[in-house]
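Worksheet for the structure shown next.
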Amino acid sequence: MTDEAGPFENFQTQVRTAAETLDLDEGVVDYLTTPQRVEEVNLTVELDDGTLETFEAYRSQFNDDRGPYKGGIRYHPRVSRDEVRALSGWMTYKCGAIDIPYGGAKGGISLDPGAYSEAEIERITRAYAAAIRPVIGVDQDIPGPDVNTGQREMNWLKDTYETLEGRTEPGVVTGKGLESGGSEGRTEATGRSISLTARETFRHLDRELSGATVAVQGYGNAGSVAAALLDDMGARLVAVSDSSGGVYNPEGFDARALKQFKRETGAVTGYPEASEELTGEELLTAEVDLLIPAALENAIDARIAESVAAEVIVEAANGPLTTGADEVLEPRDIVVIPDILANAGGVTVSYFEWVQNRQQFYWSKDRVVEELETHVVDAFEEMVRAKEEHNAATYREAMYIVAIQRVVEAMDEAGHWP
Ligand SMILES: NC(=O)C1=CN([C@@H]2O[C@H](COP(=O)(O)OP(=O)(O)OC[C@H]3O[C@@H](n4cnc5c(N)ncnc54)[C@H](O)[C@@H]3O)[C@@H](O)[C@H]2O)C=CC1
Ligand SMILES: O=C(O)CCC(=O)C(=O)O
């Protein structure tokens, strides 16, 4: 079992498994599983008490065959070279899967944002923007939000970049606030694609989503919006967790009220509507129809996968299942819908934002929602077709086949072919 693997090794296995079906040369597969560049910078920043602290930070540019590098910026103590390399690889195949003209990148700063004041986070963000400025650009590499970053950080990144460049360039970063060139619908976009993917999955499996029970691990941007939209579709949110622990109620939670509680108190635990509290592992193995891991990588390994009771898993986080977990779940006939499709709504609306910035013409929320739905439904159908056509063992393999074919085609058209 390959379960001790880190995210980058898991990512490489996912690509290699699909590449086998496509019978690609080993040299091509190496290229498809290796980042083109990883920028590592050390940010020395003055804290509020006048002392200096140095933070490790990264920007991994995986592939730009289909367009500029694209991907989020993460603030978390677990951020490492291995992690950003994996996340930038997943971005590459996500943009291929959902068919937007980007390559893949990811960046991050290794820090616990909760341990710093807002002014310190601003100085750290501006130092990061200045450090990566030489390698980003509207046609080169376009950062966006990820774990523990959002409109505030994207606005600071844009402002620093524009100040240093001496011109306005809103399309250099996406996920900005509306008055800074952001798009309607970007904040909810990741949760929206997760809920649409769940809807399409249940339809495809001929199962009722209305009344289906749902557990969500991680109640941040991705998880809480997905939960609210699934609530609107009639699903029953019975279990939710965040880094504080989990809560359960067989009658179902009001997803928006629970989000409001977390906003006010900082945690889902202690929610008065809960009939019971759960550990993180109890949530992942709860008896539900649909499990949505929406926190971090490697949440479900082979051991936990043995006890997963859900019939369908829709991956909201990037890389929440290890290769070992996949190996356990597949023979158990548990349907796993991959991250590179399910959470692709975020980067898709980032693409819409970049298009709007470049055209200086802004779309209505209805248009954003409609175009996003078209991308998600089309990609879902392509995944289902590829699974059948290539007799792929899993939906993950099928989605990678579609995405890899697009990257390889671009590589071929550019003349990079051996
Ligand atoms: N924000 C975005 O647009 C996108 C996010 N994603 C992915 O979705 C995942 C979540 O990202 P966001 O929601 O943006 O981050 P966030 O920072 O808004 O929320 C993360 C949530 O996960 C919880 N969490 C952390 N460790 C946990 C654990 N061990 N057990 C349970 N909960 C835990 C946190 O308490 C928090 O509620 C990440 O994998 C991210 O890469 C993917 C595509 C786009
Ligand atoms: O919108 C973006 O560029 C960030 C998206 C992202 O980081 C992701 O899909 O994991």
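Cβ coordinates are placed from backbone N, Cα and C, and glycine is handled just like the others.
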Annotated companion of K70, S350 at the substrate site, TrEMBL, chosen from K94, K365: K94
Recorded substrate binding residues, K70, K94, S350 - maximal Cα separation rounded to whole Å: 13
Rounded inter-Cα distance in Å - K106 (active site, proton donor), K70 (substrate binding site): 7
Among K70, K94, D146, T190, N221, the recorded positions whose C-beta sits under 6 Å from ligand 1: D146, T190, N221
Those recorded positions in K70, D146, T190, N221, S350 whose CB falls under 6 A of ligand 2, listed in sequence order: K70, D146, S350
Neighbours of K70, K94, S350 excl. site residues, C-beta within 8 Å of centre, substrate: G71, G72, M91, C95, I100, Y102, G104, G144, A344, G346, V347, T348, Y351
